[in-house]
Amino acid sequence: MVILGIDPGSRITGFGIIKIHDNKLYYVASGCIRITETGTARRLKQIADGITEVVNTYAPTESAIEQIFMFQNPGAALKLGQARGVAMCTLAINNLEVSEYSAKQIKQAVVGTGGAAKSQVQHMVQSILGLSKKPPEDAADALAIAICHYHSSKSLARIAGASRVSQKRIR
């Protein structure tokens, strides 16, 4: 299983890719798509092109993205929503299902507390994946999203397995 995590942003969109083998997590790649274009349509296309390049290069089998949280500034929420929508659409065009997680769920899965600081997320991502240095914030967030997805999908698989066992016992 190869998981692509996306941390959408209107200026910087982070991506992180992990591979799972024998229930162990391995770092594959991470980085930032830095938006340099001007004009909304060109900026959104740059996000789509960057994600398409990542998908074509690393061939993820699953993807996950951070949900939008409430902003005080409606303009910022709109821009983030546009970036997130383009990211999700690009993943769907590339035949990837997209799972969504809140910032609190991601922090809980990686750090153990939903109120963790960004520096704590960076530190735990570095530790979990055995990296020699902390990844940049946006890349660390994207890797954390991928890690969260792995833990969530593993839990759901256990629940589904337990449900099948319970149904067999009932019959």
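Glycine residues also receive a Cβ, built from the backbone N, Cα and C atoms like all the rest.
Annotation note: D138 (Mg(2+) 1 binding site) sits in a helical segment as assigned by DSSP. In sequence order, D7, G9, I12, T13, G14, C32 are the residues of the chain that are 6 or more apart from D138 (Mg(2+) 1 binding site) and have a CB within less than 8 Å of its CB. Among the features that Swiss-Prot reports, Mg(2+) 1 binding site is placed at D7, D138.
Look at D7 (Mg(2+) 1 binding site): DSSP puts it in a strand. Residues annotated as active site in Swiss-Prot, with sequence analysis given as evidence: D7 (among others).
Annotation note: E66 (Mg(2+) 2 binding site) sits in a strand segment as assigned by DSSP. Its Cβ placed at the centre, E66 (Mg(2+) 2 binding site) has 25 other Cβ atoms within 10 Å. The Mg(2+) 2 binding site feature in Swiss-Prot is assigned to E66; the stated evidence is sequence analysis.
Per Swiss-Prot, active site is recorded for E66 (among others), and the stated evidence type is sequence analysis.
Annotated active site per Swiss-Prot: D138 (among others), in sequence order.
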Determine the Cβ neighbour count for D7 (Mg(2+) 1 binding site): the number of other Cβ atoms within 10 Å of its Cβ.
28
